[in-house]
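See below for the structure under consideration.
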Amino acid sequence: MVYTNPPVPRIPLRFEETRVPVWKMNYYYQYVPLILPWLLPSAMFSIVVAAVHAWKTDSLQFAFLFVVLPLAIWIVILKSCAKQLHDPVFAPSFVTAVVITDIVTFIVVLRPAINAGLEVAFAFGAITLLVLYWRVIHSDPGRVAFSVESSACIGEQDRTINPQPEEIPPLEGWNEDNLEGEPLKATDLETGESHQALENSVTNEVTEGGVHAPEAHSLKPLQPARSRYCRKCNALIDHFDHHCPAIKNCVGRKNHVLFLGALTAFIVAEVLYVRCCFKYFEYLNLLAVAKDVPSSTPIGLRGLEHVWLISCQVMSTVPWVTISAVFAAFQAFWQVLLLLFHVYCASVNLTTSEWIKWERYPYLYIELPVSPDRPYRSKKFVNPYDQGVFNNLKQFFRSRV
């Protein structure tokens, strides 16, 4: 009779007991980043409203339940989805959610206090903003077309990228360290494979006949002048300006004017929304300070005290409208600065990439020789494309419309 040892019961490991099923994690990371940007503006405003109410009622329990706890939950969600938040869809969804939140606030709260003229202006501005924003997201920034030609080369395929048309001169100033501006030395435009995968597939092994085979993928890019390669879009953009996460697209020669139009529509709509909020404050008689400022207060500080009292009164009465107006005013402020910067670049016939990274492009600088006063080599900025403000703006709008 053969005796066998009894089977040893398997003890589950600690991490196996608490491990979340894979399908649940997949659903979590798939749908939460898509829903999160649409809920984020309302959640931000709601937390501020709850904080104001807790400050008015002096309730610590209310502050913990409706301010600290929701804020902690949102921080945990954002931390857990940190990698997924870099998805290109996140920023456009968040921007659209902010615009829709302002429109809903206008319809539900502000409309009774607004006159017909301001209501029509805001409605027209909001519709124009949404249309231009949708168009700039789906616009073509000026992608350069390439063709891949195949040719046999000792058992391997040599792929050469040629621009269309052929008479376009090669671009000078390509640099390996550029994020936008990397040469297409290993990008398969037919299959969409990444340049790293193609580089890993390149072999220089000795063949059976003793002959060294050339590289499997020998790419010879020729680019139009002032074009740059964008890694995020995986495309070569003519007159590349920058890659904008808010539109999930690059800004180039074909959509630069459309981008400035959408930016102007944002500014106009936000200014109109702030004006509607102030009309609502006047409708509720919140801009009149009931408490007089003491006469002993210096004249220079009386205005600041009036502003402080009005701000506290408005914030404590209508916190949702106040925080949305402050957020819209902040957005309009930095967007005005961005618009002025783009107008300046257009007036000197430069792109944002050229203005920031001019030291990487040889056509935008000259090297000064070493002299007794300057014992080191230095670069001096030159702009060969500057033809005067009027001609630069004329060329900008003609070439981009």
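Every residue, even glycine, has its Cβ placed from backbone N, Cα and C.
Features as listed in TrEMBL:
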- 223-358: domain 'Palmitoyltransferase DHHC' (DOMAIN)
- 159-179: region 'Disordered' (REGION)
- 34-54: transmembrane segment (TRANSMEM)
- 60-77: transmembrane segment (TRANSMEM)
- 89-110: transmembrane segment (TRANSMEM)
- 116-134: transmembrane segment (TRANSMEM)
- 257-281: transmembrane segment (TRANSMEM)
- 318-341: transmembrane segment (TRANSMEM)
- Sequence-distant residues near the transmembrane segment (257-281) by C-beta distance (under 8 Å, 6 or more away from its ends) are 99, 102, 106, 109-110, 113-115, 118, 121-122, 125-126, 128-129, 132-133, 135-136, 139, 244, 247, 251, 287, 314, 318, 321-322, 324-325, 328-329, 331-332, 335-336, 338-339, 342-343, 396-397, 400-401
- Message: Below 8 angstroms Cβ to Cβ, which residues of this chain, lying six or more residues outside the transmembrane segment (60-77), approach it?
- Response: 32, 36, 43, 46-47, 50-51, 53-54
- Task: Take the transmembrane segment (34-54) and find every residue of the same chain, 6 or more past its ends, with a Cβ under 8 Å from one of its Cβ atoms.
- Result: 60, 62-63, 66-67, 70-71, 74, 77-78, 81, 85, 89-91, 93-94, 97-98, 101, 315-316, 319-320, 323-324, 327
